[in-house]
Amino acid sequence: MDPSMGVNSVTISIEGMTCNSCVWTIEQQIGKVNGVHHIKVSLEEKNATIIYDPKLQTPKTLQEAIDDMGFDAILHNPNPLPVLTDTVFLTVTASLAPPWDHIQSTLLKTKGVTDIKISPQQRTAVVTIIPSIVNANQIIELVPDLSLDIGTVEKKTGTYEDHSMAPAGEVMLKMKVEGMTCHSCTSTIEGKIGKLQGIQRIKVSLDNQEATVVYQPHLITVEEIKKQIEAAGFPAYIKKQPKYLKLGAIDVERLKNTPVKSPEGSQQRSPSSSYTNDTTATFIIDGMHCKSCVSNIESALSTLQYVNSIVVSLENRSAVVKYNASSVTPEMLRKAIEAVSPGQYRVRIASEVESTSTSPSSSSLQKMPLNIVSQPLTQETVIHIDGMTCNSCVQSIEGVISKKAGVKSIRVSLANSNGTVEYDPLLTSPETLREAIEDMGFDAALSVDTNEPLVVIAQPSSEIPPLSSTIELNKTMTLVHNKCYIQVTGMTCASCVANIERNLRREEGIYSVLVALMAGKAEVRYNPTVIQPPLIAEFIRDLGFGATLIENADEGDGVLELVVRGMTCASCVHKIESTLTKHRGVFYCSVALATNKAHIKYDPEIIGPRDIIHTIESLGFEASLVKKDRSASHLDHKREIRQWRRSFLVSLFFCIPVMGLMIYMMVIDHHLTTLHHNQNISNEEMINIHSSMFLERQILPGLSIMNLLSFLLCVPVQFFGGWYFYIQAYKALKHKTANMDVLIVLATTIAFAYSLVILLVAMYERAKVNPITFFDTPPMLFVFIALGRWLEHIAKGKTSEALAKLISLQATEATIVTLNSENILLSEEQVDVELVQRGDIIKVVPGGKFPVDGRVIEGHSMVDESLITGEAMPVAKKPGSTVIAGSINQNGSILIRATHVGADTTLSQIVKLVEEAQTSKAPIQQFADKLSGYFVPFIVFVSIATLLVWIIIGFLNFEIVETYFPGYNRSISRTETIIRFAFQASITVLCIACPCSLGLATPTAVMVGTGVGAQNGILIKGGEPLEMAHKVKVVVFDKTGTITHGTPVVNQVKVLVESNRISRNKILAIVGTAESNSEHPIGAAITKYCKQELDTETLGTCIDFQVVPGCGISCKVTNIEGLLHKNNWKLEENNIKNASLVQIDARNEQSSTSSSMIIDAQLSNTFNTQQYKVLIGNREWMIRNGLIINNDVDDSMTEHERKGRTAVLVAVDDELCGLIAIADTVKPEAELAVHILKSMGLEVVLMTGDNSKTARSIASQVGITKVFAEVLPSHKVAKVKQLQEEGKRVAMVGDGINDSPALAMANVGIAIGTGTDVAIEAADVVLIRNDLLDVVASIDLSRKTVKRIRINFVFALIYNLVGIPIAAGVFMPVGLVLQPWMGSAAMAASSVSV
């Protein structure tokens, strides 16, 4: 085959896809591109494989096409791979010449067909196909006039011999099915395949691993069956050639009369039997359980000759039968239905409807007699579509539906939320189209006023009032209901929720579905006889989300704690309990007389807290909710703060006198040494002077005042101040680790114990020379360390305040209204928000907060949802929209029906997220702890070594010991002397290596670091973030309010008319006045801009102000001339003043000002009559008001929108005269900050709840390449976690409530000072000045501080390395002996030097 004819395949990596809807959009858009045969996009592998025609496309153009859609496409390998093609030869079977051009166009449109050559003389066609996409059978199905040429290509299984044979026969097929392990596998396959249209019977054998299928080849192909089995997850192979079943005479007779199933389920008649006398009867059928009952009855009745059509509805338990009244009576039909196997149906006749004699036009759904086909019939239907958000939705719907068979044209309107479809009723029906739109993830409903009478009959379910909730339905159908909960992952937005809810509701046996986006939980009520929870989870997985069953089904039970007043005895208790447990929906109730409390478990679907309270009150008692303490007590650090403060104060109180004594002793000693040098006092005299000092005087032999005081001061510190250290150290040792606490406890305990023992020994021996004690070590150490710990916990304690703030965002009360059947308001009452139950209708007034999550049922308004999205722009709400608890209603009063209450609301979920993030964040193991892990064993080892070495030296050479052991008492035995000396040396080692310097190195540096930060407007909460920030590898920025200002600003005003007709200032004056009444942020931005430009505080007057949410405003403006003339007069006055300066003529100036005032007065009289009619809004608003937008204007609007701005049009007196572009502007320092962070070697990411267009535009302005757009609060946390799992330390910079969970989760959360309180509380670092360069500063500060801490450690270690050998007595021969007081002094010096 020559290469120019070839087909190539290329794989392109795509970044920026968030959910299946992205995949679907790319596949749709790129699939439409000329020359693309096939595209498969994978969300997991983040790539797309495209098979294309190299004559029409190149890898580069395809990459650009994906880039233009707002994703990042990367070509790793620009060399495409060739794709194998196959050739199929087709010959004409029909007697007439087929329409060749039609065949050619049909085949070339087919995906996978690359070329077709036709030779009309030989009546053959040669088709080149890509076998991986399309096979010969599918080609034949597309062009029924052709058949495979047997000479060239082997016949494939499953195609029938020739078209003349009646396609009514049933074919039996045996298939090998692999991978089945148990009977649930077989039942899954049987259930799934048995439901397919055209499958008569299926039996799957587990032992033989095979399936036997009887099917009708004109309705389904072998390939399709195989594909469906494989879709269920089992590989399948065809074993035997399908063989036709032999039919008896009766079967043949029956089959001749069998009408073909239409997509409607309403039966179509053969042209011969077009009866004129048709009657319709409706039957009520009891005893149907599932769709298989429906199809049983439909197929049984439709075989009867005199029945023209039958529609059975499971929901309404009804059947609508169209029959020939001359041949049969309703009574006979009733009996016929009752006779259908299994014979358990009870049938009664509901009504008889005479219908007009059916003319071809009214029986639009029936097959037309074949001779009419030459003139194609078209009909129009209007389908109502909900869930479209932008023009890309419109395009994707139009693209997909226009490709459906029988669709002539489709126009989708975003504004009216509908689509108008022109279609051929022979090939498709409105119901099929509606389902196709629903399958794309939108809500679609047929408008009632379609001109087809049969459609209306075929859809009796539309008679159910749309608002009747599931609860009422359940009462009418006494069916078994079970409830299950499924954890759903991968939902990104409300359209995902709608998609799951809608698709699940369609499945058989599912009554209601409720999905909570933030909690990621679906609550499904189902009929256990029809469907089981694992299958429901499977359905959700098929939609492309992750789903796992939540086992403990009690999750959804409501629990209610009530205080019940007025009970006097046990009979009262019994009365309440028995009345409540009789109630439907109450599972359990226990009332305690002693505490006046009732504990109730109930099903929130059936009954709610209010009903329960009403029930108790109707019995004559008072009931009220137990007020829950909703603060986050488990994150409270109050206890720790208290204990460390106590520890610090105790140590400090006793430490001061100890330090005083120590310093006094040092001074005296120093004085003595100088005397010793200068006046040559002998050692003996020195000792005498020393012991004669007051503090050294002995109270008892061997016990000096100094030692006694030190001992008394040390005891409380050691045991009260150090109590927590002991606990911590014990815990650490239990886990076989040595941390800071172990070192401190070891040093202080040994110092204390040794000093105590040596004192007792001295007293016992009545020693003349006072022993050297180390009682001063513990208080000093504990003071510093306790201080550090106390400060640290204060910083941590701030976290729980974040949650208290979050919880306070919730509304405390709700206004519940009752409506009658006509939706007219009967009454309203204020209740506590905890008493709102699911299904309640709540009224929310302008300015009010939504108390719970719900759906709007009446009213239109704009709602500020910044707590979820972080976006300042309000969102338009109309009936059917979902609303979020805690968001603020702006301008219209609306009624909502509660869907999630209590702990299920979105706000509660955010609270939960912050809690989880704060509790799950592992505390950083501090540097000091790590070091002491190695240091402790090392010191212990050195001191033991010292002990042993001196004992050995002592026994070998006693003189050394004698020389250096101060106060050596001849009366003591030699051995004891040696051992005492060795012990003293080893203890000195332990004391000097005291971890003081280690323990202090961190707190002091942290105190200095946080202090420096605070002076520079950076608040750092404690040491952890300070230590952590230098390790950060990724900095994640939120967009709104962090990178950008968070408030919209006017970027550009473009005047669209000549300035001599209407000046720019005049437009600004009109627009500013019109928007001054608007509450929308865009309105406020425009008014602010106009006031600045016109340099005025007051604007004109505005009347008849009207706002249409999501569209724009209209009003009338007057009194603006004053503004314009004031501006002109300003110029005039300046000129006059200048002139008067030249003339120096006071009179002139006087007259000029007075004349200007007169003119002003005259002007205001003449002009105030003029009134302007103003329209400001989007394209839709202008078109609605009959204005035409020309292409230039449209293009410039599109250009603005591409840059992520909002463009609004201005029309004055029905003429388009201005275009205003408004955007949230980037902070001036943002680009510099990002640049510096990148140059510091950090990765910078932008993460926002806003749409990807805007996000990309902003990111490119500041130089960020990695963007996550349309991210929910919970996904922000997930994204941070994901980055952390890659081993990166993450800093998150944000300002909104929606950022707070991520701020808490990140290793370092940085909040902008102008952000919400919640974010500020949740973060570790707060930038007071709202300046992004402070992010750089805080990371820099952290790096400097950590460097300082490390230098401190080095100092500490150097001191220890020098001091330890001296203490161990290594340098004794040189005359360097370490007296223990020197040890203490050295220790103090090391601490201070730190």
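Cβ atoms here come from the backbone N, Cα and C positions, even for glycine.
The feature compositional bias 'Polar residues' is assigned by TrEMBL to 264-277.
What TrEMBL lists as domain 'HMA' is 8-74 (among others).
Per-residue confidence over the domain 'HMA' (85-151) averages 75 (mean pLDDT, predicted model). Here TrEMBL flags 85-151 (among others) as domain 'HMA'.
Residues in the domain 'HMA' (171-237) partition by DSSP class (helix H, G, I; strand E, B; coil) as 22 helix, 22 strand, 23 coil. Marked as domain 'HMA' by TrEMBL: 171-237 (among others).
Look at TrEMBL and you will find 279-345 (among others) tagged as domain 'HMA'.
Residues annotated as domain 'HMA' in TrEMBL: 379-445 (among others).
Per TrEMBL, the feature domain 'HMA' maps to 482-548 (among others).
In the domain 'HMA' (558-624), helix, strand and coil residues by DSSP number 23 helix, 24 strand, 20 coil. Sequence annotations record features per position, and here TrEMBL assigns domain 'HMA' to 558-624 (among others).
The region 'Disordered' annotation in TrEMBL covers 257-277.
Feature annotation from TrEMBL assigns transmembrane segment to 648-668 (among others).
The transmembrane segment annotation in TrEMBL covers 703-726 (among others).
According to TrEMBL, the feature transmembrane segment maps to 738-760 (among others).
Per TrEMBL, the feature transmembrane segment maps to 934-958 (among others).
Sequence annotations record features per position, and here TrEMBL assigns transmembrane segment to 978-1001 (among others).
Residues or ranges marked as transmembrane segment by TrEMBL: 1353-1378 (among others).
For the transmembrane segment (703-726), the residues of the chain that approach it from at least six positions outside its boundaries are 643-644, 647-648, 650-651, 654-655, 657-658, 661, 665, 694-697, 741, 744-745, 748-749, 752, 755-756, 759, 762-763, 770-771, 773, 775-776, 778-779, 782-783, 785-786, judged by C-beta separation under 8 angstroms. Here the domain 'HMA' (8-74) sits apart from the domain 'HMA' (279-345); fewer than 3 CB pairs are under 8 Å, leaving out pairs fewer than 6 apart in sequence. Taking every listed stretch (85-151, 279-345, 379-445, 558-624) in turn, the largest tally of C-beta pairs under 8 A with the domain 'HMA' (482-548) is reached by 379-445.
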